[in-house]
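Colleague: TrEMBL feature annotations, pasted as is:
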- 35-58: transmembrane segment (TRANSMEM)
- 127-145: transmembrane segment (TRANSMEM)
- 157-175: transmembrane segment (TRANSMEM)
- 175-478: domain 'NADH:quinone oxidoreductase/Mrp antiporter transmembrane' (DOMAIN)
- 181-199: transmembrane segment (TRANSMEM)
- 211-231: transmembrane segment (TRANSMEM)
- 278-301: transmembrane segment (TRANSMEM)
- 345-365: transmembrane segment (TRANSMEM)
- 372-391: transmembrane segment (TRANSMEM)
- 403-421: transmembrane segment (TRANSMEM)
- 442-463: transmembrane segment (TRANSMEM)
- 483-508: transmembrane segment (TRANSMEM)
- 532-553: transmembrane segment (TRANSMEM)
- 588-635: region 'Disordered' (REGION)
- 610-635: compositional bias 'Gly residues' (COMPBIAS)
Amino acid sequence: MSEYAVVSVLVLLLVLLPLVSAVVVPAFGRVARRVALLLALLHLGVTGAVVIYAGAWLTQRNTDPRLNGDIGSLHFSPEFVPGDSAGSSGNGTDGRTTWTVLSLSGKPTARGTTGPNVQFYLGVDGLNLWLVALASVMLVPVILVSWESVQHRPGAFYGWLFVLQAGVIGAFLSFDVVLFYVFFELTLIPSFFLIGNWGATSARRDAARKFFLYTLAGSLLTLVGVIGVVLTNPSEDGTITFSIPKLMANVQEGMHAAHLKALAGDGSALAAKHQTQFWLFLALMAGFMVKVPIWPFHTWLPSAYGEAPTGVTMLLSALMAKLGTFGILRLVLPLVPDAAIQYGLPVIGGFAAFGIVYAALCAYASKDMKLVIAYSSVSHLGFLVLGLFAFNREGLAGSALHMVNHGLSTGALFASLGFLMDRYRTTDIAKFGGLMGRYPNFAILFFALALASVGLPGLNNFVSEMMMLAGLFDARSPGLKSLALAVVAATGIFLSAWYVFTMLRAVFFNPLKEPERAAPEAPAGDVSRREFFAFGSLAALCLVLGLLPQPLLDAMKQDVRKLSIVGDAARARVQGVPFVYVDDEAPAARPSPPVERPQLLEPILKGGQEKGAGNGKGAAKGKAAGNGKGPGAKE
């Protein structure tokens, strides 16, 4: 078995190991926390092996001769696919799996082809690799933070944590839309029980129900959108598919054919597709807006975050929210790209921009540290959504990186609140003061995490926030709309510094004041070894990614690049101009053996060149024919 095949098996274990752990851990009763920690560390080791090998593999694609010439194609096959027969014995892979979960029709269709199959289709690409790493990294500090605070049925508590981790990782790794939706919905069940059974007060069950009903309602609309995308984008032979890469290809082929007709004078097909995409866009976004959440679909958040145990709040902010933003990245942008261009920034971006300011003001007005960080998370996630709908290379790369950065910094801030909860069972700002002198080590760590959250240069959030701002200031489609949204996003950064430093001053620099201890046996000293590993390690990662973000960007470069081509092509269709893609890293710049260009992009290139030749302007210089304004062209 080749190394490539071994990593494919490890990718499968990333989902199976948490599910097995969820069954095993509850059987150990009072020592369940120790078993859970060992299994979480084992999972972290497996993830580390996948990240090291897959990260190097994905980065090498930049100079892989097999990919020169198909660099601008719209082919989105993942790597390290379990069940990929082409990759089982060597390093070659066709990016597909042979593992069928459900065959919807065993009989030939009207066109003589087999019916659609739901497949257990997992894989790795540059967009999900680092989110999988985040999901594995976060579980260890969650267990450590919950070590003392969760005494009631710890086995069941840690078991549900593993189910939640399996659902999140499964959704990140899925390349079948049905499988993605199953894992997406799976996360609701453990979240409901974790909040409802181990919440802080008697209001925990109401908070759990509100969270469950909100997210379920949005998810059902997303399911309608998924079904609509599948039914409206069949293959050329008429069969439907649930494969996300194949759906991406079908969407691009169908939209390009309609675009060519529109350029020839018949815009009816393109107009019909745009109308269909509008409704599918709304349906898909319904569930993702609730999951992020984006204003005004955030009303479940204060009660859920406030009632949930500290460790669960860490997962809600660091991982569950990323299911919403990742859903936009994986499904919305590539499957309804024209609607994302038309309505992403004007509509969703408007909600997100308002939410940035609104959540920042709520954070400033909040009297509880947990709610300050919760509203801060909503504000930063609104910024992330703006970067996604910029739909260009800078915005997409910055948003993909910010998902990881936000998860680390926000998760670590919630973890640090576990320090106070273990000692005082409260995070009420009014009850604290002067903790800098009382707990100097804790104060230093908390300050470092707070600075990372507000985007201090040298720490992780700074790089991704600047990249997202660069995406909003896109020179290819300048306008007051994107400029105004960029200004609002920058204002959000300023406001975050305002409310964070206000909280720090009140808690750490006022005269010494502290509430009564939670119990006589509650910890009394500064940061313990367990607590240091819980959130000190996350603080270290914030520093490392602030100084060395390039490995993450290199691994995601090709996938971001291809997705930005989808955005440029959609922008051309919306503006009614031809699209020509010019590779700014053409093979001539790095010689290699010629590789035949996939047929999917060839019509786009030929269409643009023919149009350019007809108008006497030519497409070779990278400008769209006719008016020289093609958004896909390099300026």
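For all residues, glycine too, the Cβ spot is worked out from N, Cα and C.
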Colleague: Who are the long-range neighbours of the transmembrane segment (127-145) in its own chain, taking Cβ under 8 Å and residues 6 or more past its ends?
Modeller: 14, 33, 36-37, 40-41, 43-44, 46-47, 50-51, 54-55, 58, 158, 161-162, 165, 168-169, 172-173, 310-312, 314-315, 318-319, 322, 326, 329-330, 400-401, 403-404, 407-408, 411-412, 415, 418, 530-531, 533-535, 537-538, 541, 552, 555-556, 559-560, 563
Colleague: Can you tell me which of 35-58, 181-199, 211-231, 278-301, 372-391 gets the most C-beta pairs within less than 8 Å of the transmembrane segment (403-421)?
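Modeller: Between the stretches 35-58, 181-199, 211-231, 278-301, 372-391, 372-391 has the largest tally.
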Colleague: With pairs restricted to those 6 or more apart in sequence, evaluate whether the transmembrane segment (532-553) and the transmembrane segment (442-463) have 3+ C-beta pairs under 8 Å.
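Modeller: Yes, the stretches contact each other.
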Colleague: Mind pulling out the one from 181-199, 278-301, 372-391 with the most Cβ pairs under 8 angstroms to the transmembrane segment (483-508)?
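Modeller: Looking at each of 181-199, 278-301, 372-391 in turn, the most contacts to the transmembrane segment (483-508) are made by 372-391.
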Colleague: Give residue numbers and ranges for long-range contacts of the transmembrane segment (372-391): same chain, 6 or more residues beyond its ends, CB-CB under 8 A.
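Modeller: Contacts of the transmembrane segment (372-391) (Cβ under 8 Å, skipping residues fewer than 6 from its ends): 292-295, 298, 301-302, 305-306, 313, 317, 321, 324-325, 328-329, 333, 337, 340-341, 344-345, 348-349, 352-353, 355-357, 359-360, 362-363, 366, 398-399, 402-403, 406, 410, 413-414, 417, 429, 453, 461, 465, 467-468, 471-472, 474, 482, 485-486, 489, 492-493, 495-496, 499-500, 503, 564, 567, 570-571.
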